[in-house]
Amino acid sequence: MAITMHSHAAVMEKSNSGCKTSSSSTSMMTPQDAYAALNVDSDLLTRTSWTDARLALHQIKKGKASGNKAALWLRTKLQWHLFHLGRFVQRHAGKVLFVGLLVLSTFCVGLKSASIQTDVEKLWVEEGGRLEKELAYMRRTLGEGAGSTHQILIQTPSNGQGGSLLSRDALLAHLRAVQAATKVTVEMFDTTWKLKDLCYSPSFPSFDIQYIDQIFENIFPCAIITPLDCFWEGSKLLGPDFPVTVPMLGSGIRWTNLHPQRLVESMKSFNFNFPFDTLDDFMKRAGISSAYQEKPCLDPTDPECPLSAPNKNLTQTPDIGAELTGGCYGFATKFMHWPEDLVVGGTKKNKTGHIVKAEALQSILQLMGEKDMFEYWSQTYRVHNLEWSQEKAADILHAWQRKFTQEVLRHAASSNETKNYKIHPFSSASLASIMTEFSELSIIRVAVGYILMLVYAGVSLVNWSNPVKSQSGLGIAGVLLVAITVAAGLGFCALIGIVFNASTTQIVPFLALGLGVDNMFLLTHTYAQSWDQQYRRHDDHTGQILKRSGVSILLSSVSNACAFFAAAIIPIPALRAFSLQAGILVLFNLATLLLVFPAIMSLDMKRRVANRVDLLCCLAGVVSLGSSDSETDSPSSKPATIQPPVPVELKKMDRCGKAAPGCSTPTLSKKVATAIVSGSTNVQPQGNVEAGDSETDPALDPLLHCAPPTGAQTVECQTWTLSKFARHSYGRLLLKTPVKVLGMVAFIVLLAASVWGMSKVKNGLDLTDIVPHQTSEYGFLAAHDKYFGFYNMYAVTQGNFEYPNNQRLLYEYHDAFTRVSTIIKNDDGGLPEFWLSLFRDWLIGLQRAFDRDQAAGCINQERWFSNATDDAILAYKLLVQTGHVDNPIDKSLVGQVRLVDGDGIINPKAFYNYLTAWVTNDALAYSASQTSLRPQPRQWYHNAADVELKIPKSQPIIYAQLPFYLNNLGSTEDITDMIEQVRGICKKFEDRGLPNFPAGIPFTFWEQYLKLRFFLFLALACVLVAIFLVLCVSLMSIWAATVAVFILAAMVLELFGVLGLLGIKLSAAPAVILIMAVGVGVDFTIHILVGFVTSIGGRNRRTQMSLELMMAPVVHGAISTLLSIVMLAFSDFDFIVKYFFYVLSALVLLGLVNGLFFLPILLSLVGPPAEVIPASGEDRIATPTPLPSPCMERCSRRDHHSSGAGFRSQSESGINGNNNNNNNNNNPSVTYVPRRLRGSDLSLTTITEEPPSWTSSHEIVVQPEVVVETTTCNGNGSCSNSSSSSECNSSSSSSSGGSTPPPLSVTTTHGRQTFTTKVTATAKVKVEVHAPISHSSMEPSYYKHRRRRDQ
């Protein structure tokens, strides 16, 4: 049997912008150009597993190559499914697009149910951790919203130069500002609410006399901590708003003129039926005596300044520094001591310890919590028609707090007294509003960022020379699709109950967009590349695109998703919400890019086939001479004429298919047994081709290379693209030895600098960073951190503890906090008394009264007499308590037991009976202790006239708290040190049997920093391990996975170092971005790594091929991500600019540097082996055997369905175009030529290969013989002849045949001289088939594929 094989030359894609002149002595085409010249899919031969892993696997099975079979098997399965998915999507593009957009739109509706969490406790408290359990315990025992809130006002010099405020004017200005705050009222629910209705006020004893109780109610003021309490002017803050009238003593009683001790003495003189002894005792225990009447006046000339003021008659300003030294006292001196550090800041003292300079003054107004306010007013007439609830109480409190800030700022701006000072008001509601605003998603910023990305996608993918092939519309549609996908993913997260927070609203939209657009650019790059090549089949084109790039997208997306989901094991709610949302959005992007975006690409293919302009589909395309692939894609290209094939020398073609001006003609220098399609082209040569580098381009393969040029100058026809830049310039430069050495040195230096920068990163978050500079909150926070650093905390003791029998341990516990330096101490260096000591002192006072009356005979064991004091009677009632419910009274205990023994221990047996009496009858001490005992002790009011001895017993204590004030906590380090100290004390006593824990703002906000680094490193470890496992499974290469994880870890370390260089502290947001860095880095590294392992050749060659394939989508994705976050730079919040824009920008730049510089160098040095290694040692696999040609009749009926095995040749698709051109009415001159009359682009050496699915053990014996004759004649008639022959003998043959096609004539005009070259090739092939191959031996899948194709 004789067979004549033919081959043809394809146009070589070159520049449409002219020729680039350079000087060289040799010329060599790149492998990609060489394969393009022969119309072979170079990716199939050099990136086999990337293009068709099934073919690579068969090459290994037949012993023609070696490699990673497991990875190829998995890739084969994935490519098979992706290919058929792409075919399905292309076949039903419109339906898929409609359903996809419908589903995405449905999920977008879920955004309506999204909720934003701004409560730090619910964001950064470890789930299931110690702090969460402690806070939950407090909520269960105290109730939600219990406690008090502080409204703070700080005054500083206006010039900010540290001037002193120890002047009368400064303190009077402070007085006016605080007065403005106390006069704030709000109208809500048809009721006027003022400070007195909302503030925390000291308790007073109840006397069961209504008008007396009403007097006390009106006259007892709000608790205000202020430096003005050192002076008489402090009384002006206490009111009351309406003077109090006392019977027989007249009206007009205010704190400015109230002398409590003299008032009581005056009342006694009127012989009121009133327990004055109880009142006297109450006043003595509270330290209420002269109140403000004996304090110096700041302005002695004030008419209201009392005569008892020490400087009234002197009419001189007091020594303000001396008065403030040691702190100030309120009207109840025993319970209202305001330490110096609490009210004065920025102080300097002289040698005697007196204050000589102060730069800040601070006043604090205490408001009830919403729960306490609800309970306080719930049983009153004032709210009987309001449907009173805790939510309404919270609304009133928040409204008043906002009004407080506004009124103080208005007063500061309008008053002349404050023009030399800065007044900084602060309320928790204002800060909460700012935090809420900070957490809200800025639609404008996101929209502008997305618009910039749309513009970039449109501009970067435009093709000005050939608008038909432009991809601007596809890029814009892709960005819009990713934007819709992000919205749909966030809507899905809202539907399943994932709460949004500042991390998700400020980071996730840009992260998801960046990751999605990166993969979108990879798809468009593969689409453009595949359209330029001639192997594709129109109805399989989308399948081929997904087959190639889909695996890489799938790998990177799955790696990202697994990484984010692995990070979700961290028990920090904010980090967990971010990780879950990011992982879900990655999966949404993956589904969209593999389903919906291919449908858009399929519709774009129809536009191209119809020759319609991009973005203006109503216009037909007009192709310029310099446009790419005009012969293959444009119906206006010249009709092709199929000639009998003969040998011909290859011309270097421009992108229009015509010989490029000035380009020399490369010739076949290897003996080949091929014949080439005839054709003629007129060329006007102007120069020679630029020389190639044989060392850099060793992969010209056995196919062809360019002959040396004849002139000294060469011209290279090339359009600048990122892929060609990577191939011709960047890749070659990067792989030079000096560049590698410098790169690795730079990499080591960068890692060392990153470690140094990482050591400079401190934990914490300055609240000033999250507040805009122009706000009053920023001024307050800056002054607070600089001068005070004031916070309050509680040491909480729990239940399951015998309080009566372990009183000594409680005293030791309280005293242990003396060692905490930041806790404010008394003047004597000790701590303020706590509830148990106040309880004990009250009982000691009663015991003393009893002892006196007993000694005086006013009371005995059986009874008391009329001359007994109220305190002695109360002591008697307490002494007879047994503590047993069944036998509560035992008079024999009088004289046998004492209320408090000599060691200061309260009688344990009757402890809870005594507690009932103390809480009710010493209410001011109990309220001042701020102990908040739970369960609340029972109420029992002592009445000396009541002979009932039984005192109800309170329930055992399960909650008690010890209050402390903290100062000098201006930095995170100070706060965390304090937390560790306090936690150490609590742990010590917990080991001793006292269940306890600390509570307060510092612990809720800052305790996260104690374990933040641990959880961060744990999350990063989980992420990196997840990616390592995914890569190990998908690539079946521990080597490749190790390289990728190493680069990702290095990138995280580098970003950590950048935080230190930028002075950014490690807090929630940077922690989230560091975790996100791994996800972003995956897109910069995985694509390059996959391109490396799927290429064939040495490390250098594979590195260069990977950069050529992946550099463009990686760079486009990075630039688009930068554009999407650029609007963050214009945020009002410095926190967003510093912590998000700077860090995210650094992340993208580091990703580019690592992915496109350090990683390629590392791969070229220690990269993993290729998945396919040809046995021949060449940089390409052996050319695969094509499928046998179908019969003539079947081809004529179904010409557009003919295909090759693994790739499509141009002979199958038409010389001048794709398969679709055969059906294009605009190109009727292209006629079908049966396969056996068309040339093959394959070397004859491949005819001995068996089809991959055949199982015959016999071989095909081939003996080819080729003779090539060339005749060149010039215009003068002189001719020159040359001939070459190639013969390859096989072991045996049985038949022979041959054919001599007519010669191919090529006419070339050079100046005025014409040359005519005639090439004649004769091929004789002898083939012997030892055994026929039956259809039963074919693989079922292969047979079905053939059957479907031939139908």
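Every residue, even glycine, has its Cβ placed from backbone N, Cα and C.
The feature domain 'SSD' is assigned by TrEMBL to 442-603 (among others). Per-residue confidence over the domain 'SSD' (442-603) averages 85 (mean pLDDT, predicted model).
Taken from TrEMBL, the feature transmembrane segment applies to 443-462 (among others).
Within its own chain, the transmembrane segment (474-500) has Cβ neighbours under 8 Å at 101, 103-117, 122, 439, 441, 450, 453-454, 457-458, 460-461, 508-509, 512-513, 516-517, 520-521, 523-524, 527, 573, 577, 580-581, 584-585, 587-589, 592, 596-597, 600-601, 604, 614, 1120, counting only residues six or more beyond its boundaries. The transmembrane segment annotation in TrEMBL covers 474-500 (among others).
Under the heading transmembrane segment, TrEMBL lists 506-528 (among others).
Per TrEMBL, the feature transmembrane segment maps to 549-572 (among others). Cβ atoms under 8 Å from those of the transmembrane segment (549-572) belong to residues 75, 78-79, 82, 85-86, 123-129, 515, 519, 522-523, 525-526, 579-580, 582-583, 586-587, 589-590, 593-594, 1008, 1015, 1018-1019, 1022-1027, 1029-1031, 1034-1035, 1075, 1078-1079, 1082-1083, 1086-1087, 1090-1091 of the same chain, restricted to positions at least 6 beyond its ends.
Per TrEMBL, the feature transmembrane segment maps to 578-597 (among others).
Remote same-chain partners of the transmembrane segment (741-758), defined as residues 6 or more beyond its termini with a Cβ less than 8 Å from a stretch Cβ, comprise 734, 1050, 1053-1054, 1056-1061, 1157-1158, 1161-1162, 1165. As annotated by TrEMBL, transmembrane segment applies to 741-758 (among others).
According to TrEMBL, the feature transmembrane segment maps to 1014-1039 (among others).
Look at TrEMBL and you will find 1041-1165 (among others) tagged as domain 'SSD'.
If you look up TrEMBL, you'll see 1045-1064 (among others) marked as transmembrane segment. Here the transmembrane segment (1045-1064) has Cβ contacts under 8 Å with residues 747, 750-751, 753-761, 1020, 1024, 1027-1028, 1031, 1070, 1073-1074, 1077-1078, 1081-1082, 1084-1085, 1138-1139, 1142-1143, 1146-1147, 1150-1151, 1154-1155, 1158-1159, 1162 of the same chain, all six or more residues outside its ends.
According to TrEMBL, the feature transmembrane segment maps to 1071-1097 (among others). Taking Cβ pairs closer than 8 Å, the transmembrane segment (1071-1097) reaches residues 45-50, 71, 503, 507, 511, 514-515, 518-519, 522, 551-552, 555-556, 559-560, 563-564, 567, 574-575, 578-579, 582, 586, 699, 1012, 1015-1016, 1019-1020, 1023-1024, 1027, 1031, 1035, 1037, 1040, 1043-1044, 1047-1048, 1051-1052, 1055-1056, 1103, 1105-1107, 1109-1110, 1113-1114, 1117-1118, 1121, 1139-1140, 1143-1144, 1147-1148, 1150-1152, 1154-1156, 1159-1160, 1163, 1167-1174, 1179-1181 in its own chain, all 6 or more past its ends.
The transmembrane segment feature in TrEMBL is assigned to 1109-1130 (among others).
According to TrEMBL, the feature transmembrane segment maps to 1139-1163 (among others).
The feature region 'Disordered' is assigned by TrEMBL to 1178-1233 (among others).
Annotation source TrEMBL lists compositional bias 'Low complexity' at 1216-1227 (among others).
The compositional bias 'Low complexity' feature in TrEMBL is assigned to 1275-1299 (among others).
Against the transmembrane segment (506-528), stretch 1109-1130 shows more Cβ pairs under 8 Å than any other of 443-462, 578-597, 1014-1039, 1109-1130, 1139-1163. Long-range contacts of the transmembrane segment (1109-1130) within its own chain (CB-CB distance under 8 A, at least 6 residues past either end) are made by residues 47, 50, 444-446, 448-450, 452-453, 455-457, 460, 479, 506, 510, 513-514, 517-519, 521-522, 524-525, 721-723, 725-726, 730, 1080, 1083-1084, 1087-1088, 1090-1091, 1136-1137, 1140-1141, 1144-1145, 1148, 1151-1152, 1155-1156. The helix, strand and coil residue counts that DSSP assigns across the domain 'SSD' (1041-1165) are 112 helix, 1 strand, 12 coil.
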